[in-house]
Each structure stands twice: as C-alpha cells, then as structure tokens.
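Since the structure comes first, as structure tokens, the remarks are kept for the end.
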Protein chains: 2
Amino acid sequence: MSAEHLAFELSKEFLESIVQAVERKDAAFIASSLEGVDPADISLLLDEADSEQAKYVLEVLNNEISADVIEEFEEDTRKEFLNELSSEEIAQYIEEMESDDAVDAINDLPVRTREEVIAAIKDEESAAHIQELMRYDEDCAGGLMAKEMVVANVNWNIQQTIEEIRRQGENVEKLYSIYVVDDNEKLLGKVSVKKIILANAKTQIKDIYDEDIKSVETYLDEDEVADIMQKYDLVAVPVINLQGKLVGRITIDDIVDVITEQAEEDMQLMSGISNDVEEDDSIWAISKARLPWLLVGLIGGTFGAWAIGFFEGDLEKNAALAFFIPLVMATGGNVGIQSSTLVVQSLANKSAFEESFGRRVGKMLLVALLTGVVLAAISFGIVLWWKGGEEGLPSVVAISLICVVMLSSFMGTATPLILDKFGINPALASGPFITTTNDILGIIVYLAIANLLLL
Amino acid sequence: MSAEHLAFELSKEFLESIVQAVERKDAAFIASSLEGVDPADISLLLDEADSEQAKYVLEVLNNEISADVIEEFEEDTRKEFLNELSSEEIAQYIEEMESDDAVDAINDLPVRTREEVIAAIKDEESAAHIQELMRYDEDCAGGLMAKEMVVANVNWNIQQTIEEIRRQGENVEKLYSIYVVDDNEKLLGKVSVKKIILANAKTQIKDIYDEDIKSVETYLDEDEVADIMQKYDLVAVPVINLQGKLVGRITIDDIVDVITEQAEEDMQLMSGISNDVEEDDSIWAISKARLPWLLVGLIGGTFGAWAIGFFEGDLEKNAALAFFIPLVMATGGNVGIQSSTLVVQSLANKSAFEESFGRRVGKMLLVALLTGVVLAAISFGIVLWWKGGEEGLPSVVAISLICVVMLSSFMGTATPLILDKFGINPALASGPFITTTNDILGIIVYLAIANLLLL
C-alpha cells in the first residue's frame, strides 16, 4: 500500500455522503463505507461532523474501533462528543481503551460525570487501573503511563512467560519487551521479544534477562521522560514508584505527542499567544489569546513614546533624528530574538557540561561586538551617503547600533538563562516581553547618544 | 534503576579522570570506568574531549560499543573525529553500524574518503546495502530507512520464520513486526511478534499475516513520513519502491529526530538565524549565521527612515508625531508574528479539510478588527490623557492602529499560505523578513494618516 492509498478519500464529498447516510439512518452504507478505514482517519472525518452525527456513526461501528476513533479526536471535539453520551455509553467505550487513553478521555469530563463513568465500568481491573492512574499529574511520567504491559516473574521459565503473553495478549497491543520483576514486583530487568522467540520453552527467565534497563520514576516530568527516551532511542520505558516497584509503561507514541506539543507551545510563547489556540478556534477565542501580549506591547510602546518625549527638543532641532528610530529599534529586536533562540535551543538540548552563566554571556557579547561593528560600519556608510556627515548623524547611528546590539544580546542571552533558573519556560524570553523591553532600551540609548554627541 | 542512575556521573571530574587516563595510556582504567555506561553517555563525554583522546578511548572499548558512540556524536564532533582515522579504521566501525547510521557517518566524509571506506568494508552485504542507501536523498524515506529488518516469504511457516529471525538476529536490534513478501519481494503485509510467539511452529504465514499495513515509498519526504508515523502511532514503517518491492524500514527513533530538528529549524527561521548553528559553535560561525537577516533588517530600517523622510515637514511641525512611531510599529510586528504562527501551526497539522485561502484570510481580518478596535480604544485614551485632543493625535494613533493591525494580520496570514503553496517552509513568514516589511508598512500607514488628518 503506497502513500497515496494511505491518504484515502477523506474528501468533502465522502464526508457529505456519510452525513447523508446518518440522516437517512443508513447503517449498512456507513459500515461498508468505513470498512477497513483506519480509526485515525475516521476520527479526522468525524472532527468535521457534529456530535450527534458522530454519535450515530460510532454506534454503527464496533465498540473497539469506536473507542480508537474517540481517542484520536481533538480535545475540543472529544469533550463536545462525550457530552452527548450517557455515563453508561461512555463507560462502554472507555472499557475498550488502553488505560492511559481512558484516563485522558475521563479527564475531559465534568468531575461529577467522571465518578459515574468509573462506577459504570464493568471490568473491575480496568476501573482499578483508571482510578490508580487518575492520581497522577498529567504532565509527569505517572500521568503518561499505561497499565497494559507484559510482566514476567524472574522465577518463571519461557513457557510460563508465553502463557502470560497469551493471557495479556488482548490488552497489550504493543509488545516490545517483557519486564522482569521479583516476588515483590520490583523491576529487575527485561527480556526482548527476540530472545523469547529464540529461547527454549524450558529456559529460565533468570538466566536470560537483561539487567541493563532504563526506567523512570512516576514523578518525573514529561519533558525529562522525552529527553531520556530520545537520548537512548527507547520505544517504551517502564515506570517505577519510589520503592522500585514496576507500576506502568510509557510508549514512544505518547512521547512523540509530548515533543510536538512542546515545540508548538514554545512557538506560541515566542509569538506572544497566551493560550493554546488554533486557527480554527472561534474569533473570540483567538482574539482573547492574542490581546494580553498585544496590550503589553502597547504599554511598552507608550513607555517608548514617553522616552522619546524626553528628547523632544532634540527632535525639534533635527527631525532627521527620528528617521532612524525604527532602524535602531528593529535591529535591537532582531538581535535579541536571535540570541534568546540560541540560548533556548541549547537549554532544550541540555548537555552534562553546561557553560557557566558568565562564559555564555561573555561569548554572546563577543558575537554582538563583531556583528555590531559590521552593522555599524554599513549604516555609517548609508547615513553618510544619504544625509552627509555634517550633523554627526552617521556617527550617532553607528555608535548607537553597536551599543544596542550589545545590550540586546545581553538581554536576549541573560533573560532565558534567568527564567530557566526559576523554572519558567525560557522560550518566553523570545516573546513580546523581551522585544518590548529591548525596543524601549534601544530608543533611550539612541536618543541619549544623539543628545550627547549632537549638542 | 531510577532516573538518578540514568544520569550517571557525567561530571567534569569524570571527564578529567578519563583524559588523564588517556594521557598515561591507562587502558584498564578507561575500560573499567566506562563498563556498563550507555554509548549515548560515552558519546556526550567524548564530545567534550579532543579527537585524539576520543580515538584512544574508542580503541580501548569494543568495536560495537565504539560504533554506537560514534553514531551518537554530534555531527561536528563526528566529522572532526573521523578525520583522525584511516579509511580502514573507519570501515571497521562502519561495519558495526546499522546501514542507515553507517550511511549518515559516511556522508560526513570527504567524497574521496567515502570510496576508500566502502572499499575497505569486508562484509560484502553491508557494503552493498550502504551503496544502495547512498543513492537516496537524505531528506526522503529512502534516506532514512535501514536495510536491517526481518522479512518472511508468504509461503513459509512459523518455524522457517523463526529460523530467519535467528539468522538475522544479530543485525536486527529492534524487532517489532516481521514483514511478509511474495516471491518477487513485493510487500504483502506483516506478522506481529506477538503472533509469532503464540503461533504453532507449523502454522503457515499466509494463514496469519495481516494485510492491513501502512507503508511509504522511497521518494516520500521525511516530513510526510513523520506525519504518517505520528498519525497512525507506528514504531516502524516499511519502505517500498515504485514497483511495491520492500526495500527497507524506518524506525521511530529516526523520526523523533526529524520532528525535533524540524521544530528547531522552524524556531531558527522565526528568529532570523540563517544556518543551523548552536550556542557552542565558534563566535565567527554564529556571527555569520546571524548577519544576513540583520542586514535585511538594516536595509528595511533604511527604507523606513526614507519613508519617514517623506513626512519630514509634518514631523518638524509636530515632533510629538514621532513619539508614537515605535508604538504603531511594534504593534504591527506583534500582530504579524501572532497571525503567521497560527497559520504555520495549522499548516503543520494538515487536516483533510483545509479552509480556503479566502476564508482563512477573512476570519483573520475579523480577529484583527476586534483586537484592533480594542487596542485603538485603549491607545486613544492614553494619548488623550497624555497629550490632549487638540492636535487630533489621539484619533491619528487610534485609526492607524486599526489599519496597521488589519494590514499586519493580512500579511501574517497570507504570506505563510503563499510560501507553503510554493513549497517554501512557511515558518519563514514569522521571521525578520515579514517583520521588516510590516515595520515599513506600519510607518507609512501611520504617517500618511497623520498627514491626511492633521493638515
């Protein structure tokens, strides 16, 4: 099957035909149209339909596929959809999900409904798993893990382990390694599926298991889990509690989502969008997410205006001075963002050998001096050619640029490092706050230098 | 093993002790210190050492571990390190690598050395695999795939398949599924390892294999491969050629790297850094990567100055007009970046049901109108309170803000959509180019409105 076949006919026409089938209650047509279509694709399709239509379609499909479709819904769609269902109906779908996805879905529900749904789950083990997982914060290893995994006691042989795989088979979709524990469920190591396949039925687990296993503790932050799985190229990582007891497993698909969300969040922080919004959210939601930082920018701009006001006299004497305010300001802004981005990225790829604060800032200032001198020389030439040298304007612009580039580099380098020290996402430093600050500083530096040199 | 144990003592002291051991040629100390340390950690350690020291350490370790360490090196470190080795030495390490990593390493070498290294590889199959993979572009599915995988003929039984796993065992580290092909090596489907474990030795592959398999073609772009693997939660995807013949396999760890690099690249594009540099690169390299966009900004600033020059008369009559240039400019810049970021993110999460260009721009203009009116009202109040209303300045600032917010929103929405249509990375639209353009437009709009209303 090629890539073309992957992206099957998810066209508006196909959606339309499904919607029409829903309206005439044509279950047979829906079932045959969606036969063999991946739940991820059905989910994309139903994201565009309304909740009642989606409800009918999912009733036509079998519960297992419907549960997969619900898992794949975007959060907004899922909330809206689950709202249409009774607690019993939700519980039916929840029972088909892996425990981590079940908890994600339940967390979308109003608090009161959650209890009802859990009470309506028939399988006691599932209910217990869900209740256990709900204790953990969403953003830590405990909140990412699922209870589904194959665990072998160290005293078993291969035959017993295969029986356990058979027993767990239905629940564990993704089988990569079998985790080995002692009688107290303490994690000891793992056996790869390859070894299981190649071993003799009588072989003892204790003779073949691999003690060299990476694991994470329940409280570990999701970003750190992502770093570890990425660094060691893991497809799954076992989760242990403080006593070393194996309590769950995190698979790479959840971590890929964490990495993607993190990148999106950083990008939004950099661009001054304060809530997690998407282009297809409502006009009001988007405006609300955008206004706070725009207001910060407006207030910053007012301070900038006030700073320029100080130098009103200079501007009245020499209006040409105003011409270069945007140039100095924009250069400062660009330099600040460049610096902070480099620092943010190197903070994201933390190595064991961090440079000290002083060395980093020192190096960035050298880069700033070099780029500042180049920019100053070029701008000196431009201003000299355009305005002539008599009023000293070329020197004012050139000297200001060097100072502003140095200052913005310092701010752009120091701010993310300081934010990071306080546990705040350093990407914030590439956003409108630092840009606004740099703007105001740039204006003051430029006009102050003009005032000193021209008067 | 807890997270604390994962981050083992990668301290400066440990590095120092290894470096000293290298100097006194104490192989025994090195071997025992690094016993059981993950290659990814050894790699981080040696990233800090110089190439000759790294060479000695890797000679002490066994070839397989050394090859893993070399794979994990940062690109710069690896290039420098391989430069220290003879072609025969490189070939020895290459032979221990999986084919995709081998090709990555070989591609770091000068063209002439590549031929020598391939000629020095003793295992003919490895050499053939590497030569095959080198034909593909780095950024497509063919360039990401490895030749190592377990393939079963559809006419085999489980016993024969297990024999094949045993034969391939050494080469295939990550065993998730067995791919099923016909006599012409055409991909037919897969069998999960779970099925292999639970099946009877005599069971025929043709009776149990799963035809429902996602695959990608060799020419597919790496971003699309990443989208597919993420959408369908795949840990590995088989790669086929135009004839449907199975030619390789891509595993999720490589895709995680693609996703991370893409996010970093977007962030660098947004912040106007033109090459892929890191904070620990040389001062010269960083400056060189930063200057191009700073120069673009400088030229933009010069145009801005020139635009202001047109209105020199107005500024001489009313210097207070200059006060609000930064405010209008900064607001335009912020709005533009916010808009483009939202569009870039929704382009990255392509759904089957894209809004049309007109609808997207239309919606964004409504958001702009709403936010613009709010900002205008607030700025009207501020300017009125500060400067009084007599010169009409409050209205000029307020009306300009509405216009600039609308204009910047339009630019920020339309530019990434147009770039995307032409196959250019739309994240470029959040960068200094669009900011600079918005700055100039903002200045012109503001001063033109002032000119119309105040004179």
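Backbone N, Cα and C define each Cβ position, glycine as well.
Secondary structure counts, DSSP: the domain 'CBS' (A:145-208) has 21 helix, 18 strand, 25 coil. Sequence annotations record features per position, and here TrEMBL assigns domain 'CBS' to A:145-208 (among others).
Positions annotated as domain 'CBS' by TrEMBL: A:209-265 (among others). Across the domain 'CBS' (A:209-265), the model assigns an average pLDDT of 92.
Distant neighbours of the transmembrane segment (A:291-311): 272-274, 321, 325, 431-433, 435-437, 439-440, 443-444, 447-448, 450-451; these residues of the same chain sit at least 6 beyond its ends, with a Cβ under 8 Å from one of its Cβ atoms. Taken from TrEMBL, the feature transmembrane segment applies to A:291-311 (among others).
Counting residues 6+ beyond its ends, the transmembrane segment (A:323-344) has Cβ neighbours under 8 Å at 266, 270, 308, 360, 364, 368, 371, 375, 379, 383, 393, 397, 400-401, 404-405, 407-409, 411-413, 415-417, 426-427, 429-430, 434-435, 438-439, 441-443, 445-447 in the same chain. Among the features that TrEMBL reports, transmembrane segment is placed at A:323-344 (among others).
Taken from TrEMBL, the feature transmembrane segment covers A:365-386 (among others).
According to TrEMBL, the transmembrane segment annotation covers A:398-419 (among others). Same-chain neighbours of the transmembrane segment (A:398-419): 324, 328, 331-333, 335-340, 343-344, 347, 357, 360-361, 364-365, 367-369, 371-373, 375-377, 379-380, 383, 425-430, 434, 437-438, 441-442, 445-446, 449-450, 453, counting only residues six or more beyond its ends whose CB sits under 8 Å from a CB of the stretch.
Residues annotated as transmembrane segment in TrEMBL: A:431-454 (among others). Counting residues 6+ beyond its ends, the transmembrane segment (A:431-454) has Cβ neighbours under 8 Å at 269-272, 293-294, 296-297, 300-301, 303-304, 307-308, 310-311, 314, 318, 321, 324-325, 328-329, 331-333, 336-337, 340, 391-393, 395-397, 399-400, 403-404, 407-408, 411-412, 415 in the same chain.
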